[in-house]
Amino acid sequence: MKKAFVLEGPLVLRLFRTIMILIFARLGNYIPIPGITEVESFYESSFRNTSIYNLSALSGGSNVISILTLGLGPFFSASLAVQFLVKLYPAFEKLQNEEGEEGRKTIVRYTRILTVLFCIIESFFLSNSLRSFVFNWNSISYFVVAAAVTTGSLVLVWLSEVITERGIGNGSSLLILIGNLSRFRFLINKDDFDSLNVSSQSNLYIIYIIITLVSMLIFSTLSQEGARKIPVVSAKQLIDGVEDDMRRSYIPIRFGQAGVVPIIFSSSILLFLTTSIKQLPNANIATRVILDSVNLQQIFYFFTFLVLIIFFSFFYTLIILSPSDIAKNLKKMSSVIQDTKPGVATKVYIRKFILQASFVGSILLSALILIPSILAAALGVHPLSISGITSLILSFSIINDTVRQVLAYRDTRKFLLSS
């Protein structure tokens, strides 16, 4: 009994710490922006219909106008920009891979500086949306809104880091999950239920929701748990001539190795672009017609969304799984990939293997995006809103990832205590 208590104690403490931080983060949603008093009117009349709300929904932000409205969106944008710099400039790559802890701290510092910059940019878009709903608006109001939401976003970034380091799971992902759960009743188009006066239509819509949720659960699990394995043989096995399956090692490459990052990045970029274009006074007429048309907007959104998801699936997987690093580690362990020569051939093989796994993962993520719309067309009901589909995908993926991390932490504790 005592051993079991010692085993579970640290895990329980981490879970408790995580829950308390998430509660604290949710309380921040009720802290208004100084000087913004017409919150309820603005919220009910238009906020839920804006791209800013959708962007906030996908980044752990508030579902009302508060200091946490921007959520973690600016941080995601800054992280993406820094990762591009790491890949494009050798100096940044050296900082991340060769400078050790000091180099990583420098990368984190650059990310935080860019986060502040993106906060300021997005806060001015938010300010433009607020102008017509706030009395006595003046130039100082821009700076008040910018300071308030920038501070709120940076606090969320700090809380996410605390969860990641001292809690359970990925902090930013859990903040997004809690935000999605809190606005679950808003994920479905309001008109969907208002128009369901006929019993048969109501039953069809319930069937649609159930099938959609089950399909998302299945495809999300396949994406997170499915993997391809690279067979690895040690030098000792080669010398002894023993290569049986029982003693063979593998390097697992998950289909969804990039996790929910491709969806978060794709959603953030697309919503930021559409918001920016809509607010341009001299935007091209054809462009504005496309964005203002619901059907065309869905076609444009889905096509661009799928392309971005596929791109970021490949891009981010190659960032977190570098073929060169894997080849170096194999060399250090005196191991080789079966039937592959060490050196350049190994790097090429690993890169090809990772790209194949990423392709399958991107197809699974794309299927998750398309399934709700296909089912809605087949059953003749209104589809889930675009932001609703994305939020559900994120929620399922984050839950799967968090459960896996909890189990991994528990197994690690058991191993350490038994050794």
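FYI, residue positions are counted from 1 along the chain as it appears here.
Any Cβ shown, glycine's included, is placed from N, Cα and C.
The shown structure was predicted, so the numbers you read here are calculated from the model rather than taken from an experiment.
Listed in Swiss-Prot for this protein:
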TRANSMEM  19-39  transmembrane segment
TRANSMEM  64-84  transmembrane segment
TRANSMEM  113-133  transmembrane segment
TRANSMEM  143-163  transmembrane segment
TRANSMEM  167-189  transmembrane segment
TRANSMEM  202-222  transmembrane segment
TRANSMEM  255-275  transmembrane segment
TRANSMEM  299-319  transmembrane segment
TRANSMEM  359-379  transmembrane segment
TRANSMEM  380-400  transmembrane segment
**Message:** With Cβ-Cβ distances below 8 Å as the criterion, list the same-chain residues six or more beyond the ends of the transmembrane segment (64-84) that contact it, or say none.
**Reply:** 25, 28-33, 36, 39, 42-43, 47, 52, 55-56, 58, 92, 107, 110-119, 121-123, 126, 130, 148-153, 155-157, 160, 172, 175-176, 179, 264-265, 268-269, 272, 315-316, 319
**Positions whose Cβ lies under 8 angstroms from the transmembrane segment (359-379), at least six residues beyond its ends** = 204, 207-208, 211-212, 215-216, 219-220, 222-223, 226, 228, 254-258, 262-263, 298, 302, 305-306, 309-310, 313-314, 317, 389-390, 393
**Request:** Any chance you could find the range in 19-39, 113-133, 143-163, 255-275, 380-400 with the most Cβ pairs under 8 Å to the transmembrane segment (202-222)?
**Result:** 380-400
**Asked** Where else in the chain does the transmembrane segment (255-275) make close Cβ contacts, counting only residues six or more beyond its ends and a cut-off under 8 Å?
**Response** 50-52, 54-55, 58-59, 73, 76-77, 80, 122, 125, 173, 176, 222-224, 226-228, 291, 301, 304-305, 308-313, 316-317, 320-321, 354, 357-358, 360-362, 364-365, 390, 393-394, 397-398, 401
